[in-house]
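Here's what TrEMBL has on this protein:
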- A:His66, A:His68, A:His214, A:Asp302: Zn(2+) binding site (BINDING)
- A:Glu95, A:His187, A:Glu217, A:Asp302: substrate binding site (BINDING)
- A:58-403: domain 'Amidohydrolase-related' (DOMAIN)
There are 2 protein chains.
Amino acid sequence: MKEKILTADWILSSPELPPLKNGAIVIKGSKIEDLGPQKEILSRYPHYQILNFKNKLLFPGLVNAHTHVPMSILRGIAEDLPLMTWLTKYIFPVESHLKREWVYWGTKLSLIEMIRSGITLFCDMYLFEPEVIRATEEAGLKALLGEGLFDFPSPGYGPLERGLALTEELLKAFERHSKIKIAVSPHTLYTCSPDTIKKCLKLSHKYGAPLHIHLAENKEELEEIGKKYKKRPVELLDSLGGLQENLLAVHCVKLSPEEVELLGKKGVKIAHCPESNLKLGSGIAPLPEMLSVGLVVGLGTDGPASNNDLDLFSEMKTATLIHKGLREDPTIVTAKEVFFMATEWGARALFFNDTGKLLPGYRADIAFLDLQHLPLQPDYNPLALLVYSAKAGYVSDLMVDGEFIMRNYHLLSIKEELVRERIHEIKEEILHILRKNFSPSLDK
Amino acid sequence: MKEKILTADWILSSPELPPLKNGAIVIKGSKIEDLGPQKEILSRYPHYQILNFKNKLLFPGLVNAHTHVPMSILRGIAEDLPLMTWLTKYIFPVESHLKREWVYWGTKLSLIEMIRSGITLFCDMYLFEPEVIRATEEAGLKALLGEGLFDFPSPGYGPLERGLALTEELLKAFERHSKIKIAVSPHTLYTCSPDTIKKCLKLSHKYGAPLHIHLAENKEELEEIGKKYKKRPVELLDSLGGLQENLLAVHCVKLSPEEVELLGKKGVKIAHCPESNLKLGSGIAPLPEMLSVGLVVGLGTDGPASNNDLDLFSEMKTATLIHKGLREDPTIVTAKEVFFMATEWGARALFFNDTGKLLPGYRADIAFLDLQHLPLQPDYNPLALLVYSAKAGYVSDLMVDGEFIMRNYHLLSIKEELVRERIHEIKEEILHILRKNFSPSLDK
C-alpha cells in the first residue's frame with residue numbers, strides 16, 4: 001500500500017520543534033503528507049494502513065556529509081601512526097593494488113553499518129566510484145557521489161582526462177536520478193593542480209553539479225600549498241573561482257577568522273569531520289565560528305580506515321563535547337546544533353533540499369530509535385537521548401523515500417552473510433599484499 | 001561445573017601481549033588457570049567442560065573508575081547549561097527529595113547498561129550508597145563504593161557524623177567481601193572542610209581503605225579553594241596529608257606540571273573522566289603528562305546525568321582522540337594506553353589487583369565482544385576494534401569471578417522489564433517535583 005500512518009511514542013521532526021509525544025506521521029508515496037497527535041491523525045485519515053511503533057522514537061534519517069565508504073576494507077590496518085607513515089606504508093600500497101570488486105564489497109560493508117546506525121544519505125569520494133554507485137543503488141540509500149580526481153594516474157581510471165570523462169558520463173547518467181547525485185570531486189589542492197581545479201570547475205558549472213574537495217585539513221597542507229603557490233589553501237581556491245555555493249569543502253580545520261567570514265559570504269557548504277580530524281592529528285576546526293557566521297555545516301565520519309566507524313551518533317557527541325571542553329563553556333555547540341548538522345544542514349550541504357526533517361512535503365527518510373534499550377531511559381528529552389546517549393546499534397528500522405530498507409533490525413536490501421564472507425576473503429588478499437611487499441611488522 | 005574451557009576466535013589477554021587467534025582460556029572456580037592455543041589447551045585439559053565462542057573476541061572486563069550510578073534517573077533532565085544552573089536548578093532540587101528506592105532502581109538501570117557494555121568493576125560515590133551496594137551485590141558486579149560525605153547535612157544520612165559512622169559500619173561489614181570494597185568518600189575540598197578531610201583520612205588509615213575524592217575538576221574549584229585557603233586544591237590536600245597511595249583522585253583537570261609530578265611521586269591513583277570534563281566545560285586533563293610520570297590512571301564515565309551514558313568504549317575513544325587532535329600528533333595517547341586505562345590500570349586505581357587482564361592467577365572477569373556485528377570487520381587488529389570501532393551494544397556475554405552474568409545478550413541477574421517499569425514511575429515522580437517547585441520550562 002502506498003499510503004500509511006506511522007504511530008510512535010515520540011517523533012522528533014526537527015530540532016527546532018518540540019518532540020511530539022504519541023505522534024503520528026502520514027506518508028503518501030515517497031513523501032510525508034501530514035504529522036500530528038495520534039488521535040487527530042487517525043481520525044483524519046481513516047482508510048490508511050497503520051503501522052505502530054511502540055517504544056520507538058522517530059527522527060529524520062541522519063546525513064553523513066563526508067566519507068570514503070570502500071575504505072572499510074582497511075579498518076584497523078594500522079593505528080596511532082604519523083599521517084605520512086600511515087598513508088605511504090599502508091594505505092597507498094594497498095590502494096595501488098585496489099580491485100574494482102573490493103570497492104563494491106567494501107561499500108556494502110559500510111552501507112550495512114550506515115543503515116544500522118540510522119543514516120539515509122551520505123557523500124562519498126573514492127576510486128572505482130561506479131562500484132559505490134552500484135552498491136548504493138542496490139541498498140536503496142541516497143548519496144552524493146564522485147570519482148576522486150588527481151593529477152597523477154589513478155588506480156581507478158588511469159590518467160586524469162579519463163577521470164574527467166568518467167565524471168561527465170556519470171553526471172549525464174544520473175542527471176535526473178531521484179536518489180543519487182554526482183559531484184565533481186578533485187581530491188585536494190596538493191594532488192590537483194590549478195589547471196585541474198579549473199577543469200573541474202568548468203564541468204561543475206556545465207552541469208550545475210557540486211564540487212567536492214578536501215580543504216585546509218592540516219598544517220602539512222598549509223605548508224605544502226604555501227611553499228608551492230605562496231598562498232593559503234582557501235586563498236588559492238578563491239583565486240581559481242572555486243569559492244561558490246556549489247562547493248562542498250571538507251574538513252576546513254585550518255581556517256583563519258577572515259577565511260571563516262569569506263566562506264560564509266560565498267555560501268560555501270562545509271563537511272565537518274571532528275573524529276577524523278582528531279584521530280589523524282589534524283586539529284580542531286573552528287566550528288563555533290563557522291556556525292556564528294551562518295555557514296551550512298554538515299557532519300561527516302570520514303572514511304572508516306581513519307575513524308574507525310561510520311557512526312554519526314558518536315560524531316554528534318564528539319562535535320558538541322570537544323568545543324565545550326576546549327573553551328570551558330558547556331553552553332556552546334549545543335545538542336540542537338549538532339543534530340541540525342547531522343540532519344537538515346547536512347542534507348543542504350549535500351544539495352538534497354527535500355530531506356532532513358519530518359515535515360509535510362519532505363521526503364519520508366526516517367530513522368527509528370528503539371527505546372527498549374535501557375540506556376535510552378528515562379526519556380525526559382528525546383533530543384538529548386539522540387545526541388548524548390544513543391548508540392549506533394540502537395536503530396531498529398530505517399525508511400528511505402517511504403520504503404523500509406530495515407525492519408525490526410532485519411536488512412531488506414543487503415545480504416549480510418554474503419558480505420561477511422567476501423570481506424573475509426578480501427582481508428586475506430590485502431594481508432597477502434602487505435606481507436609480501438611492505439609491512440612485515442603486520443606478522444608480529 | 002567449576003572447571004571449564006572457553007574457546008574463541010580471538011583472546012586479548014592484555015594490551016601488552018599480541019592477541020591470541022583461536023585461543024582458549026581455562027577457568028577453575030573464580031580464577032583463570034591457563035591460556036593458550038586451542039589445540040594445546042584442549043589436549044592438556046581433556047576432562048574440562050568446553051564452551052565455544054565462535055565469532056567472539058574475549059577481553060578483560062572493563063573498569064569504570066568513577067561514576068554516580070543512581071544518577072541515571074536524571075539522564076537528560078537538563079542539557080547544555082552552565083554547571084551552576086544545571087546543579088542548582090535541576091540536580092540539587094531533585095536530590096533534596098531523593099528517595100532510597102530511587103537510588104536502588106537507578107543503580108539497577110545503570111548496572112544493566114554497564115553489563116551490556118562489558119564492565120565488570122566500577123567505582124561509585126553517591127547518596128544512600130547502601131542501596132547501590134545492595135543492587136550491585138544482586139547483579140554480581142565488583143565495585144569500590146562509598147557514601148558521599150559533605151559538611152552540610154546530606155539527604156542520605158543527615159549530619160556528617162552519621163555519614164562517617166555509616167562509612168565505618170560499611171568498612172567493617174565488607175572488610176573481607178570478595179566483590180565489594182568500601183572507600184571513604186569525601187565529596188570535594190569545597191564541600192568538605194579540612195577538619196572533615198582529616199576525619200576521613202583517619203578512618204581511611206584505620207581500615208587501610210581507599211580515599212575517593214573529586215579533585216581539581218575545574219577553574220571554579222581552583223578559584224573557590226584559592227579564595228578560602230590561599231592554596232591550590234592539590235596543595236591543600238597535600239597539606240592535610242591526603243596525597244598517598246590510598247588516594248583515588250577524580251578528574252584532576254586543573255593540574256600544574258609540578259602537581260602532576262607530585263601526584264606521581266606520591267603514588268596517587270587517578271580516575272580520568274574525559275567526556276564529563278568536556279561536557280561540563282571543565283576542560284581537558286593533562287593525560288599525556290600523567291602517563292609520562294607513570295601515574296596509575298583509570299578511565300571513568302562519571303555519572304550518567306553528565307555524560308550521558310556509562311560507555312567505556314566511547315570513553316576510550318574520546319580519551320585517545322582528544323589529545324591527538326589538541327596536540328596535532330596522531331601518535332600520542334595510543335589505543336594500547338587507553339585500553340590499559342580501561343582495564344588493568346583502572347583495576348589498580350580501584351585497589352583490585354587480581355583483575356584487569358586474562359592471565360593465569362587472575363580472576364576470570366571476562367567480556368565477550370560479538371564480531372558478528374559487521375562494523376567489527378575486518379578483524380586485522382583486535383585492539384583497534386575494541387578502542388576505535390566497538391559499540392556499547394556489541395558485548396554478548398559477561399563473566400565475573402568465573403560466573404556468567406550475561407549469556408548471549410540475556411541478563412541472568414537483573415529483570416529488565418521490572419527496571420523499565422520502576423524507572424518510568426520514578427521519572428513521573430521527578431517530573432512532578434520539578435514542575436511543582438523549580439523548572440516550569442520543563443513543560444514547554
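First residue shown is number 1, and so on along the chain.
Yeah, the Cβs are placed from backbone N, Cα and C, and that goes for glycine too.
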Inset, instruction - Could you pull the average pLDDT for the domain 'Amidohydrolase-related' (A:58-403)? - result: 97
Inset, instruction - Using C-alpha atoms only, work out the spacing between A:Asp302 (Zn(2+) binding site) and A:Glu217 (substrate binding site) and round it to an integer in Å. - result: 12
Legend entry - Cα distance (Å, whole number) from A:Glu95 (substrate binding site) to A:His68 (Zn(2+) binding site): 13
Inset, instruction - Fill in the CA-CA distance, A:His214 (Zn(2+) binding site) to A:His187 (substrate binding site), as an integer in Å. - result: 6
Legend entry - Local Cβ density at A:His66 (Zn(2+) binding site) - other Cβ atoms counted within 10 Å: 29
Legend entry - Alpha-carbon distance [A:His66 (Zn(2+) binding site); A:Glu95 (substrate binding site)] in Å: 19
Legend entry - Lowest local Cβ density (other Cβ within 10 Å) among binding-site residues: A:His68, A:His187, A:His214: A:His187
Legend entry - Tertiary neighbours of A:Glu217 (substrate binding site) (same chain, Cβ under 8 Å, six or more apart): A:Thr188, A:Val250, A:His251, A:Val253, A:Lys254, A:Asn277, A:Ser282
Inset, instruction - Pick the one among the binding-site residues A:Glu95, A:Asp302 whose Cβ has the fewest other Cβ atoms within 10 Å in this structure. - result: A:Glu95
Inset, instruction - Please state whether DSSP places A:His68 (Zn(2+) binding site) in a helix, a strand or coil. - result: coil
Inset, instruction - Please give the greatest C-alpha separation between any two of the substrate-binding residues A:Glu95, A:His187, A:Glu217, A:Asp302, in angstrom, as a whole number. - result: 21
Legend entry - Between A:His66 (Zn(2+) binding site) and A:His187 (substrate binding site), the C-alpha gap once rounded to whole angstrom: 12
Legend entry - Env. residues of Zn(2+) site, Cβ within 8 Å of mean position of A:His66, A:His68, A:His214, A:Asp302 Cβ: A:Thr67, A:Met125, A:Val250, A:His251, A:Ala271, A:Cys273, A:Ser276, A:Gly300, A:Gly303
